[in-house]
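Colleague: Here's the feature list from TrEMBL:
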- 65-83: transmembrane segment (TRANSMEM)
- 118-140: transmembrane segment (TRANSMEM)
- 152-170: transmembrane segment (TRANSMEM)
- 199-216: transmembrane segment (TRANSMEM)
- 228-249: transmembrane segment (TRANSMEM)
- 320-343: transmembrane segment (TRANSMEM)
- 355-377: transmembrane segment (TRANSMEM)
- 383-401: transmembrane segment (TRANSMEM)
- 413-441: transmembrane segment (TRANSMEM)
- 469-593: domain 'STAS' (DOMAIN)
Amino acid sequence: MILCGNSKDSHWKKKWILAAQYIFPILQWGPSYSFKLFKSDFVSGLTIASLAIPQGISYAKLASLPPIVGLYSSFVPPLVYAVLGSSRDLAVGPVSIASLILGSMLRQEVSPTSDPLLFLQLAFSSTLFAGLFQASLGLLRLGFIIDFLSKATLIGFMAGAAIIVSLQQLKSLLGITHFTKQMELVSVLSSVFHNTNEWSWQTILMGFCFLVFLLLARHVSMKKPRLFWVSAGAPLVSVILSTILVFAFKAQRQGISVIGKLQEGLNPPSWNMLHYHGSYLGLVVKTGLVTGIISLTEGIAVGRTFAALKNYQVDGNKEMMAIGLMNVIGSTTSCYVTTGAFSRSAVNHNAGAKTAVSNIIMSVTVMMALLFLMPLFQYTPDVVLGAIIVTAVIGLVDIQAACQIWKIDKFDFFVMLCAFFGVIFVSVESGLAIAVGISLFKILLQVTRPKTVILGNIPGTDIFRNLHHYKESMRIPGFVILRIEAPINFANTTYLKERTLRWIDEYETEEGTKKQSSIHFLILDLSAVSSIDTSGVSFLKDLKKTLENTGTELVLVNPVGEVLEKLQRADNDRDMTRPGTLFLTVGEAVAALSSTMKGQSSSYV
């Protein structure tokens, strides 16, 4: 009895350990962590910190938030992710697209300049709802929802958003003070050219020089991946050099705008700033939902990309919960929406990161900056932050992927263009909604208009293939052979019946012109039909009756699994599944049925 009790206790203890390791992946690899791994993670952490600090400040300004919030968001979330995340390479922090969406959606109702406190409160509240939504998807295993953002949609959306983000930086790069709050292309360009009197040649010169420097650094790292540290360190070098130049030459007096004094110290609590009710509840829920989906999609996609390169698995549901809880905790510690950033993760991967400890090193480095280095950023010019953002987002315009989509699927290319033009000419969220709507329409079209193909025999074999794909394939006189390549259900039975009868009419017309025999058999190849419902079964029964009235017999080939089971249950008279109407292959069916057709057997043989 004592042994049995110990065994039971050991079993439950093992279950608790496995559960804890599932929730906190750090417990899996933590006990075997070594100094050798730490050396790699330490170098990686310092490298991504050099990129995270300038990017954090830049992306916060992109979201119309105080620059310090970007650094706060690069401190707490990486610590949370290191404990909960399953990716070894994902580097966490603010990202350009989520920052753009958050800022643009909130600015539609609240001005960040006239009411900065309310804007900040709404940003934290949106982050809370984004986190709750993300964590809920992981907890309920509903990650398939983000799959509605197809690759074509994301490529078009990201490219459009990158262009909008870059155009928004013209305010900083040209030194314009009065700039439009709208995000679409026409308003932005109109604002740029209607305020030419505000252009500052000093700002333009500085912006051009640093933009060229950053783009060259990026080009070098792309050409020679071993020199990844060149593009990783370039933003921080740009910040340091530009700050020294501004301070030395008092350039802020010449019209070059600077960040100004940043608050020293670690993240202040912000749970008392969250809005759970009131007139802005709808706004923060909608903003949280959109930014949550986009940031979650980006984070999981980046994590899976680098996991595939290192041959390990990333659990999508774990990632959703990790990113969601990271944002929930972040919303209470003065952080806005964060996720796995592609640029930082690429640097982290190339720098040799072994575990999520690199995020902890980055976070500690940001913490040191928050505690001791804030006064040094006082003279950092806005124009350099704009150049950093442009350099970071330019890689999101993937022309090669767009060309590949054009070659593979023209409809997907159309979806991509809708997302792209929707973003740049309407708004970021509208472009995304348009693309998702068209993608859903495509799915509905595929469900309600399933593909049916007519098969022909390849001479000298018993193989039957699509007549339009295999030019050598030939029709068999007296037979119409069709293959249905989709599940048969209530949504498509009407179309299938109409399409099948149309195939027969077309065949009879063609046969009539050639003065050959009429149709004796309609063979339906059901091998690609994975499921069928009651409407589908009724469709086959009705089709059989319709064909019998014209002297044509319906023959079924290779109904698999569920389809065969349901046909047998519904076929009380053994009319659909009797011998002579059900075959394993098309070749077998044609061979057996040809003998029943007088004068036609020799034409097949």
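In case you wondered, yes, glycine gets a Cβ from its N, Cα and C as well.
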Colleague: Could you pull out which residues elsewhere in the chain have a CB under 8 Å from any CB of the transmembrane segment (152-170), counting only those six or more residues past its ends?
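Modeller: Cβ under 8 Å, 6 or more out: 62, 96-97, 100-101, 176, 183-185, 188-189, 192, 297, 301, 386-387, 389-390, 393-394, 396-398, 401-402, 405, 409, 412-413, 415-424, 428, 431-432, 435-436, 439.
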Colleague: Name the range, of those listed as 199-216, 355-377, 383-401, that has the largest tally of Cβ pairs under 8 Å with the transmembrane segment (65-83).
Modeller: 355-377
Colleague: Short question: most Cβ pairs under 8 Å with the transmembrane segment (118-140), which of 199-216, 320-343, 383-401?
Modeller: 320-343
Colleague: Grab the same-chain neighbours of the transmembrane segment (383-401) for me: Cβ-Cβ under 8 Å, and only residues 6 or more beyond its ends, written as numbers and ranges.
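Modeller: Distant contacts of the transmembrane segment (383-401): 54-55, 57-59, 61-62, 96-97, 151, 155, 158-159, 161-163, 165-166, 169-173, 175, 203, 206-207, 210-211, 214-215, 218, 234-235, 238-239, 242, 256-257, 259, 342-343.
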Colleague: Using DSSP, break the domain 'STAS' (469-593) down into helix, strand and coil residues and give each count.
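Modeller: Within the domain 'STAS' (469-593) the tally stands at 55 helix, 21 strand, 49 coil.
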